[in-house]
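Working notes for the structure below.
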C-alpha cells in the first residue's frame, strides 16, 4: 500500500509516467486493489489535471523566462554588435579620411615644392616644413619685401634704377605706366611712350587712363582696375590658357596684393614727331603694328592695340606718405596698377607696308669652286624671281652682266685663295623679269677641317635697292687710277662721295695739280718756260695683248678689288703720252747738271733728236722722295740705292718721236742705259724752250695700258750696271707689262715682288696726306739741280 501510495506521488510528480505504469501492471496485486487504485485515480483525477496544468504552466513559465532571457541576450548582443560595427566603421572611416587628407596635403606640398625655385634646386627632396618655409620666403621676395629697405625704395644688387628701367623697356619694347585703381589717374608714365604711341609724357601726366583708351574699352578697363569682389560679373577669358572661367573663382584674389592683370585695349596714338635717331628696326615694326586697325580717316583719332600686363600694388608704399597738396592724399590707403604696355603684333592682311618691309632682300647660296649653284635659299623667289630648281646646276656667271662677268670670276678665284676670309663684290644680276639688279655678294669658303680642302663657297646675295646710290660706272668713264693717287686701292663700287674727307682733299689737290686733258691748255711752270707741243703716233694706241697676265691675282692678293675690275673689253689702247707730269716712270742717275739744258746726256740710239729737259712740278719730287726713303733696304746693293742714301728725283721727261715704231726708246744717262717699252714725256700742252721738238699726241683715256714691244723678252726691264748711277730695285725681274705709268702702280708691282714691304701702301697714304712741307737742298745732299723753293 505504501508502494501504492508512493506510486501516485510518483505519478503525480511525473504525470506522464502514471498512466503507463497503471496500464502496464495487469498483475493480480494491482488488479486486486484496482478499485482502490481506480478510485484513487478517479478521486485524484481532478487533482491530477490541476497538477498537470500547474506543471504545464510551470514549464511554460520557464520557457517564457528562457525565451525572454534569450531575447534580451540576443538584443543585447545585437546592440553590442551594432555598436561595435559602428565603432569599427567609424574608425575605418576616420583612418581613410585621414589617409586621404595626408595624401592631398602631400600632393599639394609636392606641387608647391616644384613651384618654388629654391626647393626644386635642392639635390634631395626637402621635408614639408622646409618646403613651407621656402615657399613663404619666395612669396616675400615676389612681393618685394626682400629687396626693399625700411623706406620702401627698391635696391637692386648691381643695377641702378635708371639702368634697370631702360633695360626693361628696351627688352619689352613698350612703356611703363602706373595708374590709380580707384580713379584711373595716371601716376607715372615712362618717356618711352613717345616712340611707341607718338605721345609726349605731358599728355599723360594729369590725365586719366580712361581718356587714353578707346571709348568702347572704358568699361573693360574699369573692371580690370577694380579691386572689389562684386565688381566683375559674368565670365572672364583667361589669356594665358584660353579658357573661360567664372569670376567667382577669382573674386577672392582681387584684393590680394600682387594679383596679376593682363588685358588688351585700344589706346590713342598721337602725332608728335619722333627723333630720327630712334627710327630703327623697332620703329619700323611699330609703324607696321600701328597700321593694324586699317586706314585712319581724316580728322578722327588713331587707335592702336596695346597689350598691358602688370600687378596690383599698394599705393602709397609702406612707410611713404603723400604730400598734403596731392589730391589723392585724403583717400587713405588704395591700390594702383603697375603695368607695361606693348604694341600687340597684328597680322592684318590690309597693311600697306607689309609687302615692303617683309619682302626679303637677300638669299643665301652655295657654290662649288667653279661657281655652280649647289644650294639656293627659298628667299631667292622674292629677291630675284627664280625658283631654287631654276638656279641649281647653273653657273652664277650666266646670270651676271657681261661687263661684270670677269669681275665675278676673279672674285671667286680670289676667295679660294683667301681661305675663309669674306670677300665682297658688287655686280649686276639678271632677274627673271630680264631686269638688271645690283647685287652685293659676300662670299667665303668652307674648308674641310680634316683634309683642309675647300668643300664649297657660301655666298650671301643682297639686293641693293637704294635709289640714291649711283651704279658703278665702267672703267672708260672713271677717273684714271694714276690721278687718284692713294685712293687707287679702294673698291670700284665706291664713289667719290664715299671716300674719307682726308682722301677727298688729297684727291682734289692732286686733280688740281694734275689737270685733265680739257684743262691742260694753260699750265705755267715757275722755272722753265716751254711752248705747246703735240705729236701723233699710231703705234702708241695699240691695245695690250696680255692683260690677263698683268692683272692676275698672284701679282698682289691684297688688292682683290683693283685687279679683277679690269676686264678684257675695257682694256683700251693708250699712248705713251698719257703719263702725267707729276709722276715718274723711273729714276735717273745722279749726274744731272743743276740748270736745264738740251739733253745731250739722253741718246736714243740716233732715233730721237735733242730735246729739252722739262722740270716737273714739285709734288712729283715730294712723292718720289718719300717713296724712295721708304723702300726696302734689303734690296740695296752696290749699284743700287739703299733706303738711307737713295735720293728722290723728279721725272726727267723727254718726248717720244713718232718714227720709233719697231723698238722702244732707249735712254742714255752718261753710261746708264736700259731698254724700255715706254718713254717718259713732258707735260702735254705746256710750252717748251725748244722750237724744233716733235709734238706729243693728245691725251686719250687714261684707264688702259701701254702696248707691248714686239719681240721683247721677259728680262727687258732688267737694269744694267753703270758708274755712279743706281737702279730702282723694283725694276729687277719685272714683267714686261705695265699699267698707266704712275708711281702708285709701280709701288703695287714692288709690293707684289717684294713681300718684305707689306706696309708700303699705308706709309704712302700717310705720306701723301700732308704735302705742305718745304723741301730744299739740305734734304737732297747729293743733288745740286734743285734750288730752294716752297710749294
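All positions are counted from 1 along the displayed chain.
In case you wondered, yes, glycine gets a Cβ from its N, Cα and C as well.
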Among 77, 541, 575, residue that the record in Swiss-Prot marks as phosphoserine: 77
Range annotated as region 'DNA-binding' in Swiss-Prot, from 88-128, 293-333: 88-128
Residues of the domain 'PAC' (424-467) by DSSP state, where helix covers H, G and I: 0 helix, 29 strand, 15 coil
DSSP residue counts for the domain 'PAS 2' (349-419), split into helix, strand and coil: 34 helix, 13 strand, 24 coil
Secondary structure tally of the domain 'bHLH' (89-142) (DSSP, helix then strand then coil): 46 helix, 0 strand, 8 coil
